[in-house]
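Asker: Below, the features straight out of TrEMBL:
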- 1-21: signal peptide (SIGNAL)
- 52-177: domain 'Corticotropin-releasing factor binding protein N-terminal' (DOMAIN)
- 185-233: domain 'Corticotropin-releasing factor binding protein C-terminal' (DOMAIN)
Amino acid sequence: MSPSFKLQCHLILIFLVALRGESRYLELREKGDPDPFLLFSANLKRELAGEQLYHRALRCLDMLSLQGQFTFTADQPQLHCAAFFISEPEEFITIYYDLVSIDCQGGDFLKVFDGWILKGEKFPSSQDHPLPTTERYIDFCESGLSRRSIRSSQNVAMIFFRVHEPGNGFTLTIRRDPNLFPCNVISQTPNGKFTLVVPHQHRNCSFSIIYPVVIKISDLTLGHLNGLQLKVSAYLLSNR
């Protein structure tokens, strides 16, 4: 390989890394470790994606960033449970019902929410999401297996569930699908660079970070006015 060609390859690689930013992936530990989060490297995530379908048990309170098959089985009445799913900013999340064994008449439920609810706040907000709030909830006890898969509108989704009878539960498969023009995003990492492009769409979009960070808006194109492109550069400080 000639030095000039090698230099071109390095420049292309640097450009792609700058666009993509650093990535860290959240996954709950399998064992009873007091630290609730395990950070997966990008290499491990690619290895898991290239192998057979990933399997593990789902907990009453869980967070997942890997696609795979997840099974919840109640060992006692579990009345207030939720699982949060997150993928890359440029991906959708699709949830497939593989097996569901719950007693809807006895008060059990399994609901998918298109987005996240954190501390009573919805992401994306009602102003930003393309669907009305009532349509963002999909209740298995109402739809049954007539709707075997549900795709999110952004890179996050979650489920709420309640199971009274020990031994009952469900199995879900989580897949990630490409989203060419992400509009609402939750970032998995407190650093990196991301470009949000919304071509020819008149809608609100948002980019949320759940860490205290300093945000630099390096290039914000608001539109065109009298043939001139309006651009803004700014620093923002998040102390959440």
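Numbers run from 1 along the shown chain.
A Cβ is built for glycine as well, from the same backbone N, Cα and C atoms used for every other residue.
Where the annotation comes from TrEMBL, it is an automatic prediction and has not been curated.
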Asker: Just give the helix, strand and coil counts over the domain 'Corticotropin-releasing factor binding protein N-terminal' (52-177), going by DSSP.
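Answerer: Computed counts for the domain 'Corticotropin-releasing factor binding protein N-terminal' (52-177) are 11 helix, 67 strand, 48 coil.
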Asker: Per-residue pLDDT averaged over the domain 'Corticotropin-releasing factor binding protein C-terminal' (185-233) comes to what?
Answerer: 73
